[in-house]
Amino acid sequence: MESTNRFMIGVFGPTGVGKTKLGVSIAKSVHGQVISVDSLQCYSPGGIVTAKPTPEEMDGIEHHMIGYLEAEEEPTNFVAEAVERLEKLCDHGAIPVVVGGSTSLTLPLLRGALNRGWRMAAITLLPHQSTYLGNIESRVDDMLEAGLLEELSGLKSLEDRNLNGKPNFHKGIWKTIGYQELYPYLEAQRSDGHCDELLKSGLASMKENTFQYGNTQLEWIRQALSPFLHAEKIANMSLTVVDKTSWTRGVEKPAIRMASDFCYASTSISFHPINEPKPRVICIFGGSSSGNDPAHMEAAKSLGRVCHENSIKLVYGGGTTGVMGAIASTLVELSGPNAVHGIIPEALLKYEAKESGRHAQDSAFARYGRRTVVKDMHTRKRLMIQEVIDGGDGSGFVGLSGGYGTLEELFEVITWHQLGIHDRGVCLLNMDGFFDGLVNWLGNVVKKGFIGLQDAAILSIASTAEGVVKCLDQKPGFSRKGELEWV
């Protein structure tokens, strides 16, 4: 098989979020097999405590890199063996579905695969914080019912034989969360002591430590995995896992659709070699408020739909409320999170989190696209404008319904065009005459001699979302770009 057809799917996320289940569903849909990237499921013993997939959960899909180590061994050669397994699957015409959340093994494996010419699409599962702890607690309860205590007793016996009865919670299978937490219970059980309280406290610690480990993995995803995927230009869809009732519609279906599109060369996923046109980008300025007329929100959503239909990417101020949130969430829902880039100052991020009652890193924010947090407003403006300047033909700036901030940013890009800093189009979506006063003011400014007709024409006016795209299709009638030397 040629290197250009070496496709793999990555399913990543923290513990207890449903990676195994989704990996199986995707593998079934793309004629694939699963490669597990888990530093504990690779051990032969400890199937329950490490949440190793059961035959029923595998559902006929072959899984690799699971259960091949003895209890006291370490996965020293994991990456080399996993990359070799990728090659073998490729030779047999199977698509590898890499599933895991190991903070130590995942990135080395991905680097090894990419260096060998593999192409990858990634799906990142993010837990909803309102349900995550409860899901983990239920998972531990299920482990208990499945025979957790008996299995841990077996690991204690292995410890006696292989480690001379000296506990080492940093070695082999005994690193797994649950063993150390329930160790006092296992010791007391052997001496016929009172175990009930030790069992209760051990299970509580196991649940809490699993939850904390999941949050550590989430931080790793934010700080290491996501930047890596972005730097390597790997398409990444982030999906929020809430509960079982929303799994099929909110997680499984969009993930399978993305994986299938990627593997079978559908138009939904495309690669952009150097000689292909740059994607078209629009930067929108709009209110963080919804206004008191639903038509303003509908106009924003309409523009989001038109952007999807025309394969236009969006960069905006990163807010999740009002007009800004409406267009961002609409486009993400239709085109995926990579179609939208929100750039928000840290101060506004904290303010919005406080007002909404959500943590600034809440996974619910993923439905508004990728997010970059910057220190100040000036940096935000510079980065947003640069994305439009770097975009393909028809990229430009659009003003939607809003207040002071909307007008301030809109007039800044108009002024930058006037000064020759950029030559992109600037359009105003004048929904139901919302900006009629501004249009009249502009005419009066020309009439009074403060600007000429040429400068007045920098701003174009549209009354519909489709009209906005048509306005930006037309290059501005003049440009002063290059006339002044800007550092």
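Heads up, the Cβ atoms here are built off N, Cα and C, so glycines get one too.
Feature list (source: Swiss-Prot):
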{"type": "BINDING", "residues": "Glu352, Arg380, Lys381, Gly403, Tyr404, Gly405, Thr406, Leu407, Glu408, Glu409, Thr415", "note": "substrate binding site"}
{"type": "REGION", "residues": "1-266", "note": "region 'Adenylate isopentenyltransferase'"}
{"type": "REGION", "residues": "267-487", "note": "region 'Cytokinin riboside 5'-monophosphate phosphoribohydrolase'"}
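Structure with Swiss-Prot features highlighted.
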{"residue": "Glu352", "record": "substrate binding site", "DSSP (3 states)": "helix"}
{"residue": "Lys381", "record": "substrate binding site", "DSSP (3 states)": "helix"}
{"residue": "Tyr404", "record": "substrate binding site", "DSSP (3 states)": "helix"}
{"residue": "Thr415", "record": "substrate binding site", "DSSP (3 states)": "helix"}
> Roughly where does the region 'Cytokinin riboside 5'-monophosphate phosphoribohydrolase' (267-487) sit in mean pLDDT, to the nearest integer?
Replying inline: 86
>> For a quick check of packing: other C-beta atoms within 10 Å of the C-beta of Thr406 (substrate binding site), how many?
In response: 20
>> Taking only the residues the record lists as binding substrate, namely Glu352, Arg380, Lys381, Gly403, Tyr404, Gly405, Thr406, Leu407, Glu408, Glu409, Thr415, what is the largest Cα to Cα distance between any two of them, in Å to the nearest whole number?
In response: 29
> So how many other Cβ atoms are close to Glu352 (substrate binding site), meaning within 10 Å of its Cβ?
Replying inline: 19
> What number of additional C-beta atoms lies within 10 angstroms of the C-beta atom of Lys381 (substrate binding site)?
Replying inline: 19
> What is the total of other Cβ atoms whose distance to the Cβ of Thr415 (substrate binding site) is within 10 Å?
Replying inline: 12
